[in-house]
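*Asks:* Structure provided below as structure tokens; questions to follow.
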Amino acid sequence: MVKLSGIILLSLVWLKLNNSYEIRERISNKNNPDDDILKINVEEDKKKICNNILIFLNADDILTENNKYSFMGKCEKLIDDIKNENNSPDITNEFALSLMHMRSKHTITSSINNNKALKNIIISLDKSMSEPEVINRVKHIIRFNKYLAGKLSYKNIGESLVLRVSSHERMRRSKRELVRNILKDFHIYGLYFDLKSENSTLLKNQESESLINIKNEKLCQTYIHLCQKFYEQTSVYYKIKTILNEVIKHTKDNYALEGEYDISKLFSLENSISQVSQHSDHMLTNESLIYDMNKSNYIKYNQLIHEVIPEDGNIEEQVKKGNGRYIVVVKNLKKAIGNSENYDNIMNIIKKYLINVTKNNKEILDMVMELGNEDIEQFMTQLVFFIHYGFLLITEDKHMIYLSDMIPTYTNLYRANEVLLLHIMDIKFESDDFNKYEKYKFETSDNDKETYSLLNEIDSITQLPKLSENVANDYFSKIMDKDAYTMLTLDKGINKYQFYFTMAFKDCNINQNYTPLAKDLWTELIYTFDNFGWFYFNPNKIMSSISKSNFIRHVLVSRNFILKNMESLIYLDTQISRLMDMIGLSFLADKSEYILDLSLSNYLFLYVNEYHIFKKDENVKLIHTYDYIDSIANNYYYFSEKKYPVFKTDYSSKLYTNFPNVYSLAYQLFNELAINMNISNTPLKKKLKNKSNYAYFTILNLIGPNHDIYSRGPRLIFAAYMLTLVFFIESQIDISRYRPNDMYFMKKAMPLLAPINRDDFNILKKRCSLLTDFIKINRNKAKNEHSRVEEYIKILNLVTILLWGKESNKSLYYDNDVSLYKKLLIACVFNGGITVQEKVIKSIKRSCNMEQYGLNKSNIEDFVNVNLSVYQWNPDILEKIATAFTLTCKVHNMIYEPFDVHKVDAKDYYKLAVAPDMVKTYHCFLLGRQAERLLESLILKKNFVKFKVEDAIDVYEFFYVTRILSKNPREDFELFLKNKKEYQKKQKDEIIKNSKLDENVTDILFQNYECYWFKSYENFKSLWMHAASNLGPGAYLRNFFSEIWNNMGTLFKKQSKVRDVEYFNINLIGGTLIDYYSPLLKSEEHCRNVTQKLFISMKDSGTKSRIEIPDEIKSKYFQCKLDYYKNNHSDPVHKIYSRDFLENKVYVFKQPYYLLSNIDDKNKKQLLRLFITETTLQYLLLDDIQIPECLGRCTIEHFNKVLLTTANAKPHETIIYNGLIPENCKSKIRKEMKIFIHSSFVHNLTRDYLTGELIRTQDIQNGDVHVCMGSDTYYTENILTDQHFDLTHKPQFNFPENNNYRVFLKKNINKIAKNPESQCYVHYELSVLDTDIPDPYREIGKDLITNIELLESK
């Protein structure tokens, strides 16, 4: 027999990875475990090494001689294998971690002694490592084990990148520097514009010559999108000016009546913009007058528009109608020429010029041939007007036209219907090749080595090659505009460039800048696209998928989308530039706290998608790359309650530290693109996939060069990357718009009962491979070559994919609102295209002898999927429990005999009870499948309607007491019904009789066993619904369930028992404890009585019609609830009385009051322990409500049963370890408990209460700080005020001086007074948490107020 001791508790412990508390179980020993492990030294003899291992596991005096003999044989063989293997370090590391993991689960000892003993065991196994190497290895083994146990605060990785967090000095400096530089760069704007004026006014010292070269200045490189707008306007002006000069020259050269007209003056209004109109005398006759033009105030009218000198009242009246003295006029060419014959000649000469220019393009030539004299005149009038004023002539819908619609851009020309002018510009300045289809094809470098040789400068942060600074700057200038110097020589000194500069930069917004990093990446991405074709897809491949006959349709789709959404696209581009800055900050983050220098097979994320900096040594791994990406993503999603003004693109000097969700911005554009492609919504995704070349062609035009002159605008490489990935995800990866029946399983996150359909996971695997392959931007990568821009795009891709999946600011894996499809697909992408199940299975096969538990190739997938499903399909938890499983499996192989989990009987039950949690969970689900089949057979046997709630209770109770799989469940069920107590006693006696463990230990194992399906109302309901769904739909099911659901609460209330016990001092009875959550329950009963009486009164009185009564009752009910919370939450009925203690009906939350922001900052009591009665406990367990102290929905694991020091616990009860446990306590099982504080309040905890020493946040994160939990922490006075219920309370985050949140360093425990009355006599470990849970009182209050307002409005 194995004696009662710690070795049994090696496997008794459930490492509660789905819980917020890290709790370990142990048996108390007479001898201090530290005394034994101090004997462990470096040994050569393998027998002595194995003895040391037994001592380290605290099992040396536990095993029988037979057990010990078997263990020693297996242990010595393993040591031989380790010493003879070539990859000894890998095996040694994993075995050492297995030992550390098993020891930490049941023994509480000094970390210093653990380190020394483990170091000596490792040296005994592998002497090739030096002393410093072994010490470092031990440190990382212990860190990894802490992570598995939930003690490592790795979530701080997520905080290190968020601008509001003050941790990590280096990151704080980097963030400050980023913000400081953004502000500094915005000040450059003040060098060009008068910031004090009401509107953006260009300073007088800015000459046109200097503005033309702005591309070389900081302003242009900081606001790339605005700079491109400026150069686009100047380029268009230059081209139109050139065309007009050619027309004038051609007319002069071909007009016979030379000297009759000054052709130059004929095609001109004035030589200067700012002067008195010479046409005022014609205003009311034949001269065209445009006065009703709605123009922006960003420019001064007298610098652009003619000033009219009125000559009589009529003109003055006309000016008054024009809303001012400044108007614009249009040249009347026909009147200016005078002679109709001369007019015809001049128009014909101009037409011949147009014919000559367009002769190689048949379509345009045909259009020119059809032009009459009036059409030619209108064309020339518009040219003359534009060259004179600098903006376009628009004569229609003048009330809706703003100056920004009249500036010379390609899209404005198209909107103004200047089609002929655009064609001429295209022909003269683009290319002689009129085949647009061919122009989209371009050559790229196919020589990988040559490609990387051009990226020849090493980036100081990532240590990856990037484009050299000179090449990048030259290419940036080229992108801006190639005609800049030509324009300067052509129009030297003209002030229209000042106007264009003003119009481009008037909307300068500090939140839409490009930092030097973003600018370099922006240039580098365009450079690699133009020269190498680096993108998600090959541009030439897209063009080859478009037929020439269909090409025009693609151009039109692209044109319509860009014309409609250009400003939104520019905005998206600027916001992604800030995202690139956040990625840059992530590279700067100090990752030393989050790496493991190990060669284990159980990494949390695979090498392929790791930060490149860790690729230099594949043994160095970041604990959680996912957290780094998630922290960046959270800067764009629900970062704070304050909403960012999305699409606010006008001038702003206010800097926001939170940003819009870039995925949402891109998704809106995706919808616009899908609609533009004229795709119906049924089923949308499939058609999107089939027509994707429309979208990709459009995106190619965004990157540029856009050969469609009608929609040409700024090059937007960042927006193109984001929109392309979003389009691919939404069209080929996302399943949300599929019909429910198509992917029903994947959209839910229910635990598995029946084995899964492999087709569902094959779809997931296929789409994961598609997405993983798609996000590679360089398909012909040379071996071992990697560039900076590839690394940034990789991280951008991962952030984008995370934003697609996120439903809140919670970690996506821990958010129950996220479907299993998204969780598993995102995990698969982070693993480089390997599903989390595949990775776990590979790890198990490599590290564990599966036959130990009856697992094999045929059932390992089901085994893993079941365990994954019970944890809400959380890949993070699966990898943790799988790692714990393989570590436990190694030791179990040496200690216990094998068994088959599919055939557990009374003889093997004790093996199941000490097996890893994954095995127990799988066995539970095998029981659940038997329960499902039994339910189906009983429902069918009783013809549905005869199946009553009593039958349901019988089925539940049968499986609640059953511990083993039955060969014939129906037969055993019938035996159970004959005598339930006798059946349970017989099964228990048989299990104890066959167990090779101590009888008391076996009894504890029997009592503590629980199965997922039978431990809560919700879980059993899921099983039941699954069984019923197998029988088909119908009214009988509705009738059947109506009775079941009405009685389920009674059924499960008596089954929910809190198993953990915490001792308190006897003086607890004398206090006036308040049940904080009692009003949630009592208000319901109170208000139902009130409204019932009101209903009877209203019905009898007849004062209200039958139609009015329901709304009146609802309104009174909601008002009653709200009033109760406000006025009655401190009533005596909510207090806890001495009789509740005497009847053992008092419970306490493990976690103290969590929402400390609700407590007034003058209140000395900032640490509050919440006690509740049994009635409130049952309500919280049954109701679907988010309780902060439970960090979500409550389970029995979140509570301790209160026991006074005068009472005695039962032998099988688990005791929370503290100094109040009586010496004569019958139970020997202990648990350690951890207390959490939200990270927002950690800054208040800076001093050791006992010694005054400085306490750092890092000390808390390392588990080196304890918190005092004395009697002054008990909740005895209400903290909620009226402000909490009318939603006006302002959260506080600072504690007053001398508050009761007392903390001390663990090393100072011996300084605590040996007095049970001391406030620190009871203390627990403190840790930091980032989880945000809504206040239930606030949420309910908000809902009640909303409902009352809605009803009153009716």
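Each residue, glycine too, has its Cβ placed from N, Cα and C.
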*Asks:* Which of these links to Cys889 by a disulfide bond in Swiss-Prot: Cys828, Cys848?
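*Replies:* It is Cys848, per the disulfide annotation in Swiss-Prot.
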*Asks:* Using a Cβ-Cβ cut-off of under 8 Å, list the residues of the same chain that are 6+ residues beyond the ends of the transmembrane segment (716-736) and lie near it.
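*Replies:* Distant contacts of the transmembrane segment (716-736): 225, 522, 525-526, 529, 535-537, 569-570, 572-573, 576-577, 580, 662-663, 666-667, 669-670, 673, 685, 688-689, 692, 695-696, 699, 702-703, 742-743, 746-747, 767, 770-771, 774-775, 793, 796-797, 800-801, 804, 821, 825.
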*Asks:* Given Cys828 (disulfide bond) and Cys50 (disulfide bond), what distance in Å do their CA atoms have, once rounded to a whole number?
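*Replies:* Cys828 (disulfide bond) to Cys50 (disulfide bond), Cα-Cα distance: 40 Å.
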*Asks:* Compare the Cα of Cys220 (disulfide bond) against each of the disulfide-bonded residues Cys50, Cys75, Cys768, Cys924, Cys1011 and report the nearest.
*Replies:* Cys768
*Asks:* Counting across all protein chains present, how many other Cβ atoms fall within 10 Å of the Cβ of Cys924 (disulfide bond)?
*Replies:* 20
*Asks:* Round to the nearest Å and give the CA-to-CA distance linking Cys848 (disulfide bond) with Cys924 (disulfide bond).
*Replies:* 21
*Asks:* Let me check the 10 A CB neighbour count of Cys50 (disulfide bond). How many other CB atoms are there?
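*Replies:* Counting Cβ neighbours of Cys50 (disulfide bond) within 10 Å gives 21.
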*Asks:* I need the CA-to-CA distance for Cys768 (disulfide bond) versus Cys889 (disulfide bond), whole Å please.
*Replies:* 31
*Asks:* Calculate the distance in Å between the alpha carbons (Cα) of Cys75 (disulfide bond) and Cys227 (disulfide bond), and round it to a whole number.
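*Replies:* With distance taken Cα to Cα, Cys227 (disulfide bond) is 72 Å from Cys75 (disulfide bond).
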*Asks:* For each of the disulfide-bonded residues (Cys227, Cys848), count the other CB atoms lying within 10 A of its CB, then report the residue with the highest count.
*Replies:* Cys227
*Asks:* In terms of DSSP three-state secondary structure, what is the assignment for Cys828 (disulfide bond)?
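*Replies:* DSSP assigns Cys828 (disulfide bond) to helix.
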*Asks:* What is the total of other Cβ atoms whose distance to the Cβ of Cys768 (disulfide bond) is within 10 Å?
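*Replies:* The answer is 22.
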*Asks:* Work through the disulfide-bonded residues one by one (Cys50, Cys227, Cys889) and name whichever has its CA nearest to the CA of Cys924 (disulfide bond).
*Replies:* Cys889
*Asks:* List every residue in the same chain as Cys1011 (disulfide bond), at least 6 positions away in sequence, whose Cβ is under 8 Å from its Cβ.
*Replies:* Cys924, Leu927, Gly928, Phe959
